[in-house]
Amino acid sequence: MTPTSTILFVFLVQLSLSIISTIGAQKVNDIAWWFFTLIFTSSGKNDKEARKLRSEVVRLSREMKATSAQDNFAKWARLRREHDKAKEAYDKMTRNSSSTRSSFDSIFSKLRWLGTQGINFIVNSTFSKQAMFWLPKGWLPHSAEWVLSLPRAPLGSISVNVWALACGAVIAMITEGVAALWALRSKAADSSKGQMQKEKIAMPGNGLGQEKKEL
């Protein structure tokens with residue numbers, strides 16, 4: 001890897017870590033699971049079948065409650081058998097689906113860690129002796145140059161570890177700034193919407209007041 005490609009790769013790894021941290025690990029798992037069920041149609045069919053069985057269980061339960069066991073025992077008993085059969089099938093399918101989802105989350109979480117933290121560790125270890133940037137000679141004190149070259153980069157350079165920390169800090173600052181701007185914009189939009197609603201409510205009242213004065 002050339003220094004330029006290493007610099008870009010470290011930045012992309014830090015960006016990935018920031019995105020996962022912002023979205024949330026569980027949300028990332030949910031998105032991955034959605035794609036998994038989309039690609040592997042058997043899982044998608046199982047989910048559809050489970051929803052269908054659940055609707056059937058709810059329907060039969062309502063019919064059972066609406067049917068008197070004393071006045072129409074034969075119908076009530078038939079509904080009870082159908083309900084129990086559908087409920088058993090639904091519970092079995094739900095257990096299988098939950099087991100599959102748990103296994104998927106466990107495997108994907110490990111792969112996600114290897115694809116982010118694992119790669120980050122490997123890159124930092126592999127390129128720990130390589131300079132990402134070179135500082136102008138005499139630009140910083142010797143102690144500052146030593147800190148920026150930690151752990152094993154040449155003195156007077158920026159190490160891969162320091163570059164990764166800098167990328168993470170800048171990405172975090174940009175993320176917080178964008179989130180703050182979005183919150184302010186949403187608040188301003190809600191305030192404007194509320195003001196418009198108040199004006200709409202106030203307008204009919206003003207008209208009634210004028211009519212009363214004319215009378």
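Using N, Cα and C of the backbone, Cβ positions are placed for all residues, glycine too.
Taken from TrEMBL as is:
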REGION    194-215  region 'Disordered'
SIGNAL    1-25  signal peptide
TOPO_DOM  1-6  topological domain 'Lumenal'
TRANSMEM  162-184  transmembrane segment
* To do: Taking helix as H, G and I and strand as E and B in DSSP, count the residues of the topological domain 'Lumenal' (1-6) in helix, strand and coil.
  => 4 helix, 0 strand, 2 coil
* Asked: Between 0 and 100, where does the mean pLDDT of the topological domain 'Lumenal' (1-6) sit?
  -> 76
